[in-house]
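Chemist: Supplied in structure tokens, the structure appears directly below.
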Amino acid sequence: MFRSHTCGELTQANINEKVTLSGWVSTLRDKGFMMWIDLRDRYGITQIILDEERSSKELFETARSLGREFVIQVTGTVIERASKNPNIPTGNIEILAETITILNESALPPFTIDDNTDGGEDIRMKYRYLDIRRNPVKNKLIFRSKVAQEVRKYLDAQEFVEVETPVLIKSTPEGARDFVVPSRMNPGEFYALPQSPQTFKQLLMVGGLDRYFQIVKCFRDEDLRADRQPEFTQIDCEMSFVEQEDIMNVFEGLAKHLLHTFKGLEFGDFPRMTFADAMRRYGNDKPDIRFGMEFGEITDLAKGKDFKIFDEQELIVGIAAEGCNSYTRKDIDKLIEWVQRPQIGATGLVWARYNEDGTFKSSVDKFYSQEDLAAWAERMNAKPGDLMLVMSGNTNKVRAQLSALRMELAERLGLRNPEVFAPLWVVDFPLLEWDEESERYHAMHHPFTSPKPEDMELIATNPGEVRANAYDLVLNGNEIGGGSIRIYDKDIQARMFELLGFTPEQAEAQFGFLMNAFKYGAPPHGGLAFGFDRFVSILDGSETIRDYIAFPKNNSGRDVMIDAPSPIDETQKQELFIASTFTGKE
Ligand code: ASP
């Protein structure tokens with residue numbers, strides 16, 4: 001028996017009991033006549049004490065040979081502590097040691113295993129197994145596990161069947177590049193790792209399973225923008241004989257259940273907003289609605305006043321930064337520099353202070369009267385004391401830029417409180433998205449998404465205007481889930497592939513299996529996937545998904561602990577029929 005109790009459970013109720021604990025040496029304090037060892041395991045910390053009067057010389061010798069992170073087993077008696085520690089559950093007791101056995105020694109750890117460690121991110125990632133011994137990391141993994149169990153409980157109670165789908169598959173287009181795996185047994189051929197189980201879950205609906213879910217790894221080879229991981233986890237779901245409303249109801253239910261279970265929050269119906277409105281009001285298809293600062297379009301008001309810069313633009317739009325009238329010229333210049341950084345790429349900002357006395361002072365006073373500026377203020381919902389910030393240019397670009405500024409200001413003004421939760425459904429996404437580079441349409445969600453029946457006719461005449469039966473669940477400015485009603489008619493699916501630029505042969509080669517399955521009585525179906533890592537992190541009041549992944553990759557997609565990816569040796573390459581040694585670096 002390694003232990004009778006964990007290091008987190010003994011209290012005054014156990015006084016005088018003889019116990020055995022096992023764990024890691026967290027700290028050692030040696031006062032000569034007395035020694036204390038903080039013994040740690042996953043459950044907590046228990047103080048071990050040795051004293052000259054009651055403990056043997058040999059025991060002191062053993063204790064003095066210990067180092068940080070040694071693994072030991074201690075047997076002793078629970079006694080009341082002289083100086084109590086109210087901060088930990090075991091703070092009222094300590095163990096008077098009788099025997100100490102060293103189970104394993106430890107090299108000196110490269111950083112302190114403490115809530116506030118001295119280790120930087122890189123070193124902690126390299127020694128992630130030591131990082132996991134720290135409470136902040138361990139607790140996040142435990143929280144994640146609890147959320148996963150709750151998801152399973154909820155979906156199981158609603159008749160969802162958990163099915164595992166294969167990892168070695170053929171490409172599923174979800175808008176990123178595939179990770180590929182060469183096949184030794186099929187020379188020159190490759191598997192792709194799933195970007196999501198999309199086609200498989202649809203085949204499960206053809207298979208009649210009716211309700212499917214899976215907490216599943218997905219793989220996307222994309223440039224790692226902030227807080228993305230090349231492999232991540234989805235709660236992936238699909239349902240048969242449903243309309244958009246049915247799916248939204250079930251998964252709004254799941255989201256509410258999790259918000260209630262883990263945050264104690266109750267919600268009425270989640271608000272809904274069309275994609276077009278979200279873009280117009282917030283410049284973003286995942287607006288953070290914890291705060292206002294809505295866009296006010298002033299194109300019609302600002303043009304034709306001899307201000308050349310505005311006259312040439314497609315869209316002129318602004319926001320009112322609450323209480324920022326007090327920003328000095330220097331503050332504003334800094335904001336202008338901020339929007340001009342290449343990441344945002346704006347040309348500049350026009351500003352107007354809304355003074356407490358109701359007057360305006362702006363950077364364009366030469367062109368606009370007090371009445372003009374008052375009209376702007378009305379559009380932007382500005383109040384005396386606010387600062388109006390205006391951008392202009394190409395509609396899509398300007399919206400993205402102003403949206404970034406809105407989020408930045410919200411951050412600075414403390415409006416993004418992680419303890420406030422504002423869910424929102426965004427609906428009626430466009431079916432297609434024009435890609436400038438390839439000069440053709442891409443599926444905005446994925447190629448299996450159904451157009452809205454009432455927009456079907458537009459496919460031939462105005463494909464860009466077709467709306468999809470697609471929906472995203474947004475939480476605090478993050479897309480935490482998205483899905484759609486699917487096409488289940490093979491002819492419509494074929495037409496969709498055509499629209500996306502596939503020749504019939506290409507469509508057949510890549511998705512023949514799906515269109516073939518649709519010949520055999522495919523039920524109407526649809527579904528959704530939640531980004532599990534992100535949902536968990538937001539629920540826990542954080543936006544860093546990396547912290548909720550046991551072994552995450554860094555920004556270059558590397559696992560610095562196991563040092564992957566790494567070269568493979570020549571024999572392995574030969575077996576896989578990989579000839580090229582091109583690394584792109586020569
Ligand atoms: N497969 C989709 C995704 O990964 C989700 C869905 O449409 O159900 O975003």
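Cβ from N, Cα, C; glycine included.
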Chemist: Looking at TrEMBL, which one out of Gln214, Gln229 binds ATP in the same site as Arg220, Asp221, Glu222, Glu479, Gly531, Phe532, Asp533, Arg534?
Modeler: Gln229
Chemist: Do you know which of Glu174, Glu266, Glu408, Glu411 TrEMBL groups with Arg220, His445, Arg486 in the L-aspartate site?
Modeler: Glu174
Chemist: Of 86-89, 162-165, 198-201, 434-437, which span is tagged region 'Aspartate' by TrEMBL?
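Modeler: From TrEMBL, the annotated region 'Aspartate' range turns out to be 198-201.
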Chemist: Using DSSP and three states only, what is His445 (L-aspartate binding site)?
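Modeler: In the DSSP reduction, His445 (L-aspartate binding site) maps to coil.
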Chemist: Within the same chain, where does the region 'Aspartate' (198-201) have neighbours whose Cβ lies under 8 angstroms from its own Cβ atoms, ignoring anything closer than 6 residues to its ends? I mean 6 or more beyond.
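Modeler: Residues 165-166, 169, 172, 174, 212, 214, 236-238, 446, 448, 511, 513-514, 527 contact the region 'Aspartate' (198-201) from elsewhere in the chain.
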Chemist: Report the binding-site residues (Arg220, Glu222, Glu479, Arg486, Phe532, Arg534) that meet this criterion: Cβ distance to the nearest atom of ligand 1 under 6 Å. Use sequence order and write none if nothing qualifies.
Modeler: none
Chemist: Provide, as an integer number of angstrom, the distance between the C-alpha atoms of His445 (L-aspartate binding site) and Glu479 (ATP binding site).
Modeler: 13
Chemist: Summarise the region 'Aspartate' (198-201) by DSSP state, stating how many residues are helix, strand and coil.
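Modeler: So the counts come to 4 helix, 0 strand, 0 coil.
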Chemist: Taking every residue in the region 'Aspartate' (198-201), what is their average pLDDT?
Modeler: 97
Chemist: Anything within 10 Å of Glu479 (ATP binding site)? Look among the binding-site residues Glu174, Arg220, Arg486, comparing CA atoms, and list what you find.
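Modeler: Among Glu174, Arg220, Arg486, not one has a Cα sitting within 10 Å of that of Glu479 (ATP binding site).
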Chemist: In the three-state scheme derived from DSSP, which category covers Glu222 (ATP binding site)?
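Modeler: Once the DSSP labels are grouped into three classes, Glu222 (ATP binding site) ends up as coil.
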